[in-house]
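Listed in TrEMBL for this protein:
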TRANSMEM  20-41  transmembrane segment
TRANSMEM  53-71  transmembrane segment
TRANSMEM  83-108  transmembrane segment
TRANSMEM  120-143  transmembrane segment
TRANSMEM  155-176  transmembrane segment
Amino acid sequence: MDTLISENGVFLPIPPFQAVRLHFILGTILVLTSMVAHTLFPINLITHPTQTLFIIWGIVGPVLMILFGHLRQDMEQCSYFRAAGRGYVGLVAGAIVNALGAIILGAPVGFEYFTKTLNWSLLMSSFTFVPAACAFGSAWTHWHRVFASTKAFSFIDYMIRIPAYGAVIGAWFGAWPMPLDWERPWQIQ
């Protein structure tokens, strides 16, 4: 069992089973959300990506805030509702950062692409910023330890770091073959 020392010196035990259980719940919610989008509404990520992403982040985002709100570091000073509020702030701030990063890296800019970029950046923010915002708030030292340090301190660091890195790496590898747009005249043969 790993322990984490909070700012007021209290040892917070984080069992490894809690990390496995939390990520199992998140994976199950993600799969169920995709199935609900496909069953209740005849949409999926291929035919209607904007609406499907809206449904997915609309359900997964609050679930992340609920689950990671229980892992907040300063439980005596920060209520559960305040941690959820920090999650919403993290969702919006992360969406802005992710959207700007996507645009800088080549996402199309225009009014017709706005909803696609917005829904994608909100989903990415749900996996990258929301867990850290719920658990740590705006404490720069915790964010630096989790995202910039090479060594994690506790299981909660791994619980936040691995899905965030996985989301970014998955988005990168998912976008990597996009220049192979076969509708260009010079690529049709």
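Cβ coordinates come from backbone N, Cα and C, glycine included.
Pairs of Cβ atoms less than 8 Å apart link the transmembrane segment (120-143) most often to 83-108, out of 20-41, 53-71, 83-108, 155-176. Residues 14, 22, 25-26, 29-30, 33-34, 36-37, 41, 43, 45, 80, 83-84, 87-88, 91, 116, 119-120, 122-123, 126-127, 130-131, 134-135, 156, 159-160 of the same chain lie 6+ residues outside the transmembrane segment (53-71) yet bring a C-beta within less than 8 angstroms of a C-beta in it.
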